[in-house]
C-alpha cells in the first residue's frame, strides 16, 4: 500500500525536522505554503524567529485547479530530484541543493533561497545582475555536456535515457509549445484583438513545417539531460549568484531546447520592456537583454567546446572539428525553440508577467504583437543562422522583420 498522502503544514514541519539537515531541528515550527499550488505543494519552513530555513516540496497527483480529471504522475517528483542532483554533480554552484527526497511520498527537501530573487521579477523591475547571463551559460554548458554522449559512455547514457523518460510532462511541453498555438484549442489564451495575428500563424505553412521539425527533434533527439523548463521564473539570482530550481520537466532531449527556452525568456522581457519602463530605461534594458542573449550563448559555446576538447570519451566524437560542427546544429535548434517560446507564452496557456503585467492596454497588445512576429521570424530564420551576433544585429536593427536568409 502506498505511503503517499497530501502533506499538511504540520506534516511539512515534521518532515523538515527529520530531513532538513538543520543543526536545531526542533526550532522548525511553522510552514507557509507558497506558489500557486496547482502542480505541487511548496512550503517554507520557518524557525522560532520566523526565519525560513528549508523548503519542502511535494508533487500533487493531479492539477489542483482542474481536479482529478487531469491526473499527473507522481514519478515526476523523483525525476525532478534526480535531475537536480545530477545537475548539481556537475554544476553545484548554479543548482539548488537537494537535501533529501522520497519517491513514494513524492516529496523533496531543498535549501532555502530566501536571500535570492526570482530573475523574472528582477528583469521586470529593471534590476540588473551583471553576472547572471554568464552564470546561466556556464550552468547550461556544464550540465548539458556532462550528460551527453561527449562525456557519458554509450551504456550509461542509454540507461539514463530510460531512467529519465518523462512522458506525461513531455506531453505537456509537446502540446503547449508545438501544437496548441497553431490550432484552435481551448487551452489557448489571448486577447481577441490578436486574432488576426493568431490566424496568420495558423495559416502559415512554412512556419508550421518548421514547427513540425522542431517538435520532431524534441520527440526523438535524446542528446542530454535537460532541465526542461529553464525560464526566468525557474532561476533565482542574487549579487554574484544564480541558482536553478523546478526541474520536474527533466528528460533526455535536444540540447538546443534548454538554451532556446532560456534565450526566449530574455527576449520576452525585451519585447515587454517598452510597456514596463520609460523610453530611456526601456531602450537601455532592451540593449542589455540583447547583450545577455549573446553572453549566454557565447559562454555556453566556449565552455562546451573547452569541455569537449578536455573530456570527450568517444574517439569518433573527439575528432577535431566535430564539436564545433555539433554546436552549429545546437545553435540553430536553440533559435527555433527560442521562437517557439515567444509564441506559446503570448497566445498559449501559460503566459509571462513580462507581457501580461503591462498596464496600458494598447502598449501591452503592441508588445504581444512584437513577441509573435519575432517568434515567427526566429523559427523561420533558424535553419539559416550561423552566429549569435548576426541574429542580435538583425533584432536590434529591425526587430519585427527578420527574414530567413543566412546571418
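For all residues, glycine too, the Cβ spot is worked out from N, Cα and C.
The structure displayed is predicted, hence computed values, not measured ones.
These come from Swiss-Prot:
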type	residues	note
BINDING	40, 57, 111, 112, 113, 246, 247, 248	ATP binding site
BINDING	229, 344	substrate binding site
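For residue 247 (ATP binding site), the count of additional Cβ atoms within 10 Å of its Cβ stands at 28 [all protein chains shown]. Recorded residues residue 344 (substrate binding site) and residue 111 (ATP binding site) have their alpha carbons 31 Å apart, per Cα-Cα distance. In the structure as shown, the Cβ atom of residue 40 (ATP binding site) sits within 10 Å of 21 other Cβ atoms. Residue 57 (ATP binding site) and residue 229 (substrate binding site) have their C-alpha atoms 17 Å apart, to the nearest angstrom. Taking Cβ-Cβ distances under 8 Å and a sequence separation of 6 or more, the neighbours of residue 246 (ATP binding site) in its chain are 80, 229, 234. Taking each of the binding-site residues 111, 112, 229, 248 in turn and counting other Cβ atoms within 10 Å of its Cβ gives the largest count for 248. A coil conformation is recorded for residue 248 (ATP binding site) in the three-state DSSP classification, outside any helix or strand.
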